[in-house]
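J.: Can you read through this structure? Questions will come right after.
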Ligand SMILES: O=P(O)(O)OP(=O)(O)OP(=O)(O)OC[C@H]1O[C@@H](n2cnc3c(O)ncnc32)[C@H](O)[C@@H]1O
Ligand SMILES: [Mg+2]
């Protein structure tokens, strides 16, 4: 076993999906622990946000850290709301997100997840990007996780909210990004400095 990687997030739904995706695939020789560190909502390009979030999390947590930042990008809006979807969702809800596209013929969008990983607080984070293309539709399904009821992935007649979790977790933006990070960790010669200093950590996936 190679040690711990802290997944820093304040979002329980993300954590649940990350655990389910990792448990369904090839086991990692690391223990993934959740770290409840306080992360700011940064602004800028999604890649820069993920990198900076990872640097800040690594400073707080010490040791190896992964974070992710998720965007929902409307093609009619040239990629917005993108990383700012959290605020739009909070103010107008899933229905309001759909209604933002009412005046547009193009309802296409993509969900994007960027994982950023660093083996220690001094190393530049690496990025792993996953996208799932689809349509923004009137909300269908139970609202359990964010904008799931308004996103219908390409090739499906169901929204993320109407799918079994096990199906979402094999085609989602999060799965696609996390699978690349998993491949990297399994192949890569990852240096590990093991000095976690997070008060609220919890083991979620063991080797
Ligand atoms: O602590 P962090 O990891 O940053 O968690 P967060 O909830 O702040 O998440 P983001 O900053 O990445 O903002 C993404 C927004 O999109 C939502 N979201 C993320 N992944 C989603 C998914 O797979 N399906 C639906 N909504 C999702 C999430 O609830 C947020 O409102
Ligand atoms: Mg956030």
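Using N, Cα and C of the backbone, Cβ positions are placed for all residues, glycine too.
Automatic prediction, not curation, is the source of TrEMBL annotations.
These came from TrEMBL, pasted as-is:
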BINDING   9-14, 53, 69-70, 145-148, 168, 173-174  ITP binding site
BINDING   41, 69  Mg(2+) binding site
J.: In sequence order, what residues of the same chain, 6+ apart, have a Cβ less than 8 Å from the Cβ of residue 41 (Mg(2+) binding site)?
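T.: 86, 87 - these are the non-local Cβ neighbours of residue 41 (Mg(2+) binding site), listed in sequence order.
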J.: Between the Cα atoms of residue 9 (ITP binding site) and residue 69 (Mg(2+) binding site), what distance do you get, rounded to the nearest Å?
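T.: Distance between the two Cα atoms comes out at 9 Å.
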J.: In terms of Cα spacing, which of the binding-site residues 53, 148, 173 are within 10 angstroms of residue 69 (Mg(2+) binding site)?
T.: 53
J.: For ligand 2, list the binding-site residues among 11, 13, 41, 146 whose CB atom is within a distance below 6 Å of it, in sequence order.
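T.: Passing the 6 Å Cβ check against ligand 2: 41.
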J.: If you draw a 10 Å sphere around the Cβ of residue 148 (ITP binding site), how many other Cβ atoms fall inside it, taking every protein chain shown into account?
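T.: By my count, 22.
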J.: What three-state secondary structure does DSSP assign to residue 173 (ITP binding site)?
T.: helix
J.: Select, from 11, 53, 148, each of the binding-site residues with a Cβ positioned under 6 A from at least one atom of ligand 1; if none does, say none.
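T.: 11, 148, in sequence order.
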J.: Please compare the binding-site residues 11, 53, 70, 146, 173 by how many other CB atoms fall within 10 Å of each one's CB, and tell me which has the fewest.
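T.: Looking at the binding-site residues 11, 53, 70, 146, 173, the Cβ with the fewest others within 10 Å is that of 11.
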